[in-house]
Amino acid sequence: MASGELLFRESSLRAADDETREGLLNGNNGITASTSSCSVITATAVNGGSNSELNNREENISKKKLFTWDEIPEWQRDNHYIRKGYVRETLSFELCLDSLSYFHNESVNIYTHLIPGFSVLLSLGFFLIAGKHFIPAYASTTFLDYFFIDLFLFGLSCCLSLSAGFHCFKCHSDPILRLGNKFDYLGIVTLIVTSMVGIIYYSYIDHPAIAYFFASITFILGFICSIISIKEKFSHPDFRAIRAFMFIIFGLSGVFPVLYGIHTFGWDESVKRSSLNYLIMEGALYITGALLYAFRIPEKFNPGKYDFIGHSHQIFHLFVISAAYCHWHQLIIFLQLFINKFLSKRPSFVNKYNS
Ligand SMILES: [Zn+2]
């Protein structure tokens with residue numbers, strides 16, 4: 001078959017597929033919309049191909065769920081090192097949800113955050129409704145102890161659920177992709193704020209004025225980063241590195257309470273107060289994950305190899321989960337530390353047990 005004819009037939013089939021999809025989305029089962037393309041295909045078949053061959057190929061294309069970088073619209077193109085496995089624009093929330101049932105290049109991104117996100121959210125809801133808490137209850141445990149740990153878990157579940165939702169519905173359309181991207185970043189800001197205020201609260205439990213000061217800075221920086229997340233221009237791929245950099249700065253702002261603690265309490269006590277080993281590990285995980293994401297490592301060294309498993313965004317997701325796990329341990333260590341050492345400095349403890 002001449003290459004020109006082959007190309008013509010390919011484009012006819014592609015057009016037929018596009019119009020059939022359009023017809024399906026418009027609710028007319030594709031019959032009306034695809035009529036003109038069918039006549040083109042039939043004419044082509046008479047001129048050289050077998051009907052059954054073309055029918056099979058047309059059926060295969062209409063069943064096709066995954067597309068390559070070259071087959072997806074411009075607005076869906078974000079990382080050109082990911083060459084295949086795309087769910088092409090669905091214009092349907094139902095079809096987006098259906099994509100959960102098969103494996104594509106966003107599946108790992110979705111499930112690495114969907115499963116832990118909903119698990120934490122459901123557990124938190126269950127515990128709150130049942131009047132229970134994730135942390136052990138001691139005689140001196142206050143409402144605020146519960147509050148800051150539950151707040152962190154709430155921030156974590158928000159971040160993971162919004163992220164999973166973004167990755168699931170990003171194939172819907174350009175406006176939904178942009179909206180989801182904003183919520184994805186708002187979720188990250190929520191996680192950073194709810195993580196940091198907990199550390200500040202426990203580190204300065206006997207110095208509430210300092211705790212309020214650093215917590216206020218955290219909320220202000222979180223607010224600024226939320227604005228950056230919502231601004232349309234920052235959602236463009238061109239701003240990927242700048243956006244990642246700003247979030248790293250926001251995350252690093254958590255270093256200041258630690259430095260002030262070293263200055264105020266000395267090295268040994270401040271290391272215990274801020275559980276520094278876990279804090280460094282947590283920061284390193286977030287920063288490494290964000291840098292891999294920003295520089296698209298490892299897929300930039302071998303485009304197409306990590307399309308389904310192993311590309312930078314998936315690694316970033318796993319690093320976020322690992323960092324959150326570190327933070328959880330950190331909070332529990334804080335609580336135990338206060339039981340053993342710092343409780344006597346706590347006003348509520350003094351009032352309750354020493355009066
Ligand atoms: Zn993500």
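Going from the start of the chain as shown, residues are counted 1 onward.
Glycine too: its Cβ is placed from the backbone N, Cα and C atoms.
Of all Cβ atoms in the protein chains displayed, 21 besides its own lie within 10 Å of the Cβ of H313 (Zn(2+) binding site). The Zn(2+) binding site annotation in TrEMBL covers H167, H313, H317.
Feature annotation from TrEMBL assigns transmembrane segment to 110-131 (among others).
Per TrEMBL, the feature transmembrane segment maps to 143-164 (among others). Distant neighbours of the transmembrane segment (143-164): 109-111, 113-114, 116-118, 120-121, 123-124, 128, 133-135, 183-184, 186-188, 190-191, 193-195, 197-198, 201-202, 317, 320-321, 324, 327-328, 331, 335; these residues of the same chain sit at least 6 beyond its ends, with a Cβ under 8 Å from one of its Cβ atoms.
The transmembrane segment annotation in TrEMBL covers 185-204 (among others). Same-chain residues lying 6 or more positions outside the transmembrane segment (185-204) and placing a CB less than 8 Å from one of its CB atoms are 144, 148-149, 151-152, 154-156, 158-163, 210-211, 214-215, 218-219, 222, 225-226, 228-230, 235, 243, 247, 250-251, 253-254, 257-258, 261, 270, 273-274, 279, 320, 324, 327, 330-331, 334-335, 338.
For the transmembrane segment (210-230), the residues of the chain that approach it from at least six positions outside its boundaries are 182, 185-186, 188-190, 192-193, 196-197, 200-201, 203-204, 243, 246-247, 250, 253-254, 256-257, 260, 264, judged by C-beta separation under 8 angstroms. Among the features that TrEMBL reports, transmembrane segment is placed at 210-230 (among others).
Per TrEMBL, transmembrane segment is recorded for 242-263 (among others). Taking Cβ pairs closer than 8 Å, the transmembrane segment (242-263) reaches residues 185, 188-189, 192, 195-196, 199-200, 203-204, 210, 214, 217-218, 221-222, 225, 228, 234, 270, 273-274, 276, 279, 283, 286-287, 290-291, 293-294 in its own chain, all 6 or more past its ends.
Residues annotated as transmembrane segment in TrEMBL: 275-295 (among others). Below 8 angstroms of C-beta separation, residues 199, 240-241, 244-245, 247-248, 251-252, 254-255, 258, 312-313, 315-320, 322-323, 326-327, 329-330, 333-334, 337 of the same chain, each at least six residues beyond the ends of the transmembrane segment (275-295), sit close to that stretch.
Feature annotation from TrEMBL assigns transmembrane segment to 315-339 (among others).
There are 24 other Cβ atoms within 10 Å of the Cβ belonging to H167 (Zn(2+) binding site). Neighbours of the Zn(2+) site: apart from H167, H313, H317, residues of the same chain with C-beta atoms within 8 angstroms of the site's C-beta centroid are E106, V108, N109, I110, T112, H113, S163, Q314, F316.
Distant neighbours of the transmembrane segment (110-131): 100, 150, 153-154, 156-157, 159-161, 163-164, 167-168, 314, 317-318, 320-321; these residues of the same chain sit at least 6 beyond its ends, with a Cβ under 8 Å from one of its Cβ atoms.
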